[in-house]
């Protein structure tokens, strides 16, 4: 999110017991989360580049393969820090990482292109779920001749262990920013998003300059493993929530056993635009008492008034339940385009008034209790 497969290698994957699953990355279609044969996938030869394949059995699994919950992770030392890492690398001295893979993760009928990009940082730029990386695209800043481009922030879409569960990669969810001339209707490459196009055009092995990690507002509170977390996203704003959910339901972390409720609301244009839908659907199947998942498809669904279904309409649909959960201490998170917030705020205000409450007072209390988390761009 802007705020933003493998070669044929056999890997052994521990699944929380003595049993293991051995598959060739190119011969395991049943383990592919997206299973879209048309989707172009660019990948780095991890056999040559990822030390975890040389040093230990498993811990390397691509996002497409990760279909079995509770996967062992390492190094567990990543759990030891009491405070999140912040600004380890700054714009004047960024870290040079390597692109591992770039994969289109939306269908042909989705408006625009969104890519899942895995970056190898070698374990040198650790982060926590909910943080962001800065990316400095190559080239010169047109507004400052001789200077590099400004940093673009992207929410990280993986847990601290990355998509290979070894603590050496981070993933970004990036929508390619393309500009179309309103008069001609044709694309104007000179006005396209510099960083998003750099990332979506990247190839395995390409170098990328990153800064950070940054951000504390979207960190996942883990003091109460039985807490309720309500996540509301539009488009690539789902990035940090993917990290939360993988930590809750996919990874075996000895010090974090989630037993609460995670409720995801995701708003996109249509079914082809859904991001990580197979991952989320599997959690729904495997953990029906701990995970709820509601989609708002604006071009395919209608709200109660016959208009387009937006994420705020879904919130209104479940408003009584949401308000009760908030009253009982639930955390609520918002991530996506800043344009999502006015409609959501209006809906929450209207619901509060219907309940005889002051939304202003309630919002103030939520912020005071650190239950309200917003990151929009």
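Backbone N, Cα and C atoms are what each Cβ position is placed from, and that goes for glycine too.
All TrEMBL annotations are machine predictions without curation.
Taken straight from TrEMBL:
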- 155, 175, 236, 298, 299, 308, 336, 337, 375: NADP(+) binding site (BINDING)
- 92-220: domain 'FAD-binding FR-type' (DOMAIN)
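Per-residue confidence over the domain 'FAD-binding FR-type' (92-220) averages 94 (mean pLDDT, predicted model). Among the record's NADP(+) binders, 155, 175, 236, 298, 299, 308, 336, 337, 375, no two C-alpha atoms are more than 27 Å apart, and one pair sits at exactly that spread. Within the same chain, the residues at least 6 positions away from residue 299 (NADP(+) binding site) whose Cβ sits under 8 Å from its Cβ are 269, 270, 308, listed in sequence order. Across the range of the domain 'FAD-binding FR-type' (92-220), the DSSP-based residue counts are 11 helix, 47 strand, 71 coil.
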